[in-house]
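To start, the structure under review is shown below, and the notes come after it.
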Amino acid sequence: MADTKKNDNYAIDMDKLDAESDRFRPPPQPQPRHSSSSHSQSISNSPVLPILSYCASSILMTVTNKYVLSGVQFNLNFFLLCVQSVVCIIAIQTCKSMGLINYRDFNSDEAKKWFPISLLLIGMIYTGTKALKFLSIPVYTIFKNLTIILIAYGEVLWFGGSVTGMALFSFGLMVLSSVIAAWADIKHALDTSGFSGAEATSKISTLNAGYIWMLINCLCTSTYILGMRKRIKLTNFKDFDTMFYNNLLSIPILMIGSFIVEDWSSENINKNFPIETRNSLIFAMIFSGLSSVFISYTSAWCVRVTSSTTYSMVGALNKLPIALSGLIFFGDPVTVPSVSAIVVGFISGIVYSLAKVKQNAKPRTGVLPTTNPVSASTQSMRDGLKS
């Protein structure tokens, strides 16, 4: 402290001497102006633009997928995912050739190691599209929070992780918001059907299918993320390396799955792509593929300009506009229970993010269960995952 204080006083004295000696110096030479470049650099380093870009790309991705899947007759889910993967590969390869991004070239040994992760990714995205087809965007977003619980306890079992009391409280809020959302959905289905037998049964069965797909999606998502953590440790992949291998290895599987499972008759194609909306649907499919690239870029931009803590908070706050987008663009029912579920789910995300911040600051305070010390590499991998 004494040395620091001496240095501070010395700095102040030198500033005074410099100020007094300015009058004996010749006038400074005019410097060339770089107003435009400095202005653009200040904008790119401002935290506002990357945060807004990340939120916008997340909303666009969800809304475009819902727009494609909301068609009554749409059932080509494997084809949709294949188009998105192809668009993503073309986009990032173009960016790499232009020198905007960089990632590893294809390696067969790395592809073999990463192939199981690509299978899990296909399962995660496919079940997500099926759930989004049957459920509204707010309900889908709320139930997606349950994945956080599975990942947290998966870390406890596989990586020596821990769950704090505050995180446990946020998990309770997540479960509560999911129960409220399901109750609101079922109540609205019964009210709109007038409690008539056939129509009510049809709507309830549709919701039940959505809940089942959502449960499978939560399991696939948590398994994918936990498995990816272990594989990244082996391959040392970066963000764009992961994106490249995930999409490239997924394309042949999705193509085979689409040709084997899905109906490619002319009648079914006309049902999936009606003439009056065909162009807009194709554009939405391509745009959703580009949105995945935007999300990866803007998330990395957000972490670089701000911090991983700010990024995790933005991810929690972003659930609110995503849920509201369903109410705005798709006419999802606006009722007291549905809005309450959104609010509780939003609060649970905030509480969980704060719990992670406190846990990283004081990792041994109020931790459940008690864990043994872990290695630095394991701790860094744990901190790198921001659910």
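Each Cβ is built from the backbone N, Cα and C atoms, and glycine gets one as well.
So that you can see what the record holds, here are the features copied from Swiss-Prot:
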COMPBIAS  1-25  compositional bias 'Basic and acidic residues'
COMPBIAS  32-45  compositional bias 'Low complexity'
COMPBIAS  368-381  compositional bias 'Polar residues'
REGION    1-45  region 'Disordered'
REGION    366-387  region 'Disordered'
TOPO_DOM  1-42  topological domain 'Cytoplasmic'
TOPO_DOM  64-71  topological domain 'Lumenal'
TOPO_DOM  93-112  topological domain 'Cytoplasmic'
TOPO_DOM  130-136  topological domain 'Lumenal'
TOPO_DOM  154-162  topological domain 'Cytoplasmic'
TOPO_DOM  185-206  topological domain 'Lumenal'
TOPO_DOM  228-241  topological domain 'Cytoplasmic'
TOPO_DOM  263-280  topological domain 'Lumenal'
TOPO_DOM  302-309  topological domain 'Cytoplasmic'
TOPO_DOM  356-387  topological domain 'Cytoplasmic'
TRANSMEM  43-63  transmembrane segment
TRANSMEM  72-92  transmembrane segment
TRANSMEM  113-129  transmembrane segment
TRANSMEM  137-153  transmembrane segment
TRANSMEM  163-184  transmembrane segment
TRANSMEM  207-227  transmembrane segment
TRANSMEM  242-262  transmembrane segment
TRANSMEM  281-301  transmembrane segment
TRANSMEM  310-329  transmembrane segment
TRANSMEM  333-355  transmembrane segment
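Contact between the transmembrane segment (281-301) and the transmembrane segment (43-63) holds: at least three of their C-beta pairs are under 8 Å, each pair 6 or more apart in sequence. With a cut-off of 8 Å on Cβ pairs spaced 6 or more residues apart, the transmembrane segment (207-227) and the transmembrane segment (43-63) reach fewer than 3 such pairs and are scored as not touching. Simply put, out of 43-63, 72-92, 113-129, 72-92 has the most Cβ pairs sitting under 8 Å from the transmembrane segment (242-262). Same-chain neighbours of the transmembrane segment (113-129): 65, 69, 77-78, 80-81, 213-214, 216-217, 220-221, 223-224, 227-228, 231, 234-235, 237, 245-246, 249-250, 253-254, 257, counting only residues six or more beyond its ends whose CB sits under 8 Å from a CB of the stretch. In this chain, the transmembrane segment (137-153) lies close to the transmembrane segment (163-184): three or more C-beta pairs between them fall below 8 angstroms, excluding pairs fewer than 6 positions apart.
If you take every residue in the topological domain 'Lumenal' (185-206) and average the pLDDT, you get 77. Using DSSP to sort the residues of the topological domain 'Cytoplasmic' (93-112) gives these counts of helix, strand and coil: 10 helix, 0 strand, 10 coil.
Break the topological domain 'Lumenal' (130-136) down by DSSP state and the numbers are 5 helix, 0 strand, 2 coil. Helix, strand and coil counts under DSSP for the topological domain 'Lumenal' (64-71) come to 6 helix, 0 strand, 2 coil.
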